[in-house]
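Copied over from TrEMBL:
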type	residues	note
COMPBIAS	310-330	compositional bias 'Polar residues'
COMPBIAS	338-349	compositional bias 'Polar residues'
DOMAIN	137-264	domain 'Palmitoyltransferase DHHC'
REGION	310-386	region 'Disordered'
TRANSMEM	37-55	transmembrane segment
TRANSMEM	67-84	transmembrane segment
TRANSMEM	183-208	transmembrane segment
TRANSMEM	228-255	transmembrane segment
Amino acid sequence: MSVMVARKKVVRKWEKLPGRNTFCCDGRIMMARQKGIFYLTLFLILGTCALFFAFECRYLAVQLSPAIPVFAAVLFLFAMATLLRTSFSDPGVIPRALPDEAAFIEMEIEATNGTVPQGQRPPPRIKNFQINNQIVKLKYCYTCKIFRPPRASHCSICDNCVERFDHHCPWVGNCVGKRNYRYFYLFILSLSLLTIYIFTFDIVYVALSDDSAGLDCLPDSQSLTVLTVLEVLICFFTLWSVVGLTGFHTFLVALNQTTNEDIKGSWTGKNRVQNPYSHGNMVKNCCEVLCGPLPPSVLDRRGILQQEENAAQEETCTRGPSAQEPTTTKGPGGQAEEGSTQQDGSLPHQSAVPVPSLSNTEMPEEKQLTTGELPVLSQDAGQAEH
């Protein structure tokens, strides 16, 4: 007799999620696969601030005020915290439809549109939805097999539908959507202030560097001036992009509008359709976008999906002293017959009688169970994260 001891492996939902995202720290960190420009962002911020704290701040803290490096450190920490929060969080990915849900939606669309003759293009899959007395069209996503919620869009880089999709930002290595837009805005705002701050005091440092007596405490003042000029150039070119981007998103926040809607002209096109999400007040719009409740992630990335058998160990039980070995007896014809001797002299056990084997065609029910039902169960379990 053998006993099967199975070890089970816990499978997290993030391991089976579709799309082109990468996960770290057991699903706690979610980013896009293309992260090269994100590393460049970290290098520019860390490198520029490291040079500023190592050289200019030492002189400015002595000559002007010790509060200069303190305020710079606060801006730097806040910018890095909001950057990591934007890059490592779920932007609001919408789960894809389960097979049963996708089939039901397809049947509903066919029933609504009817049979389309061959050679003709089927009508667009659109549903009308009313928000604040304004008709909003919900478009069907052929990849996710769902009608996207209002303001959602499918990101071609991450291959996922994102709720309140703003844009895909390679500088942060993630999509910007409903769940991380406020952190993205705070990041570019704090980075703009930090860039202006470093740029201003670098100019002050260059102006004060003419006083050689003030730089006697610092070694190799000429090389420090070269590094300062390098920082000034980096900050100068950064100001044009970061400060301009901050002003553009401030305008969008005041109107409660997304970058995707602004590019497509959703509310400023030929029809002059009003934005149904705007409250008509800049303060209310800013409060809703930046201070409203943050919805939880619907992916449940670290949830347990299923338990699969990883390995099995077979152990053979030891035979007890009362176990009897099978004996061999001779029948009337002189042939050997195998059987097990019973203590009470009864007939041999039924298992000792040879039974003709059955082929696979003689067991249709068992074959249908093993080949038909089990894959369905595993498929349903694989789609449970949606």
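Going from the start of the chain as shown, residues are counted 1 onward.
Using N, Cα and C of the backbone, Cβ positions are placed for all residues, glycine too.
Automatic prediction, not curation, is the source of TrEMBL annotations.
Same-chain residues lying 6+ beyond the ends of the transmembrane segment (183-208) with a Cβ under 8 Å from its Cβ atoms: 45, 48-49, 52, 56, 59-60, 63-64, 68, 71-72, 75-76, 78-79, 82-83, 85-86, 89, 166, 169, 172, 176, 214, 225, 228-229, 231-232, 235-236, 238-239, 242-243, 245-246, 249, 253, 289-290. Proximity of distant same-chain residues to the transmembrane segment (37-55), defined by a Cβ-Cβ separation under 8 Å and at least 6 residues beyond the stretch ends, is recorded for 31, 69, 72-73, 76, 79-80, 83, 87, 170-173, 191, 194, 198, 201-202, 218, 224, 227-228, 230-231, 234-235, 238. Assigned with DSSP, the residues of the domain 'Palmitoyltransferase DHHC' (137-264) fall into helix, strand and coil as follows: 73 helix, 19 strand, 36 coil.
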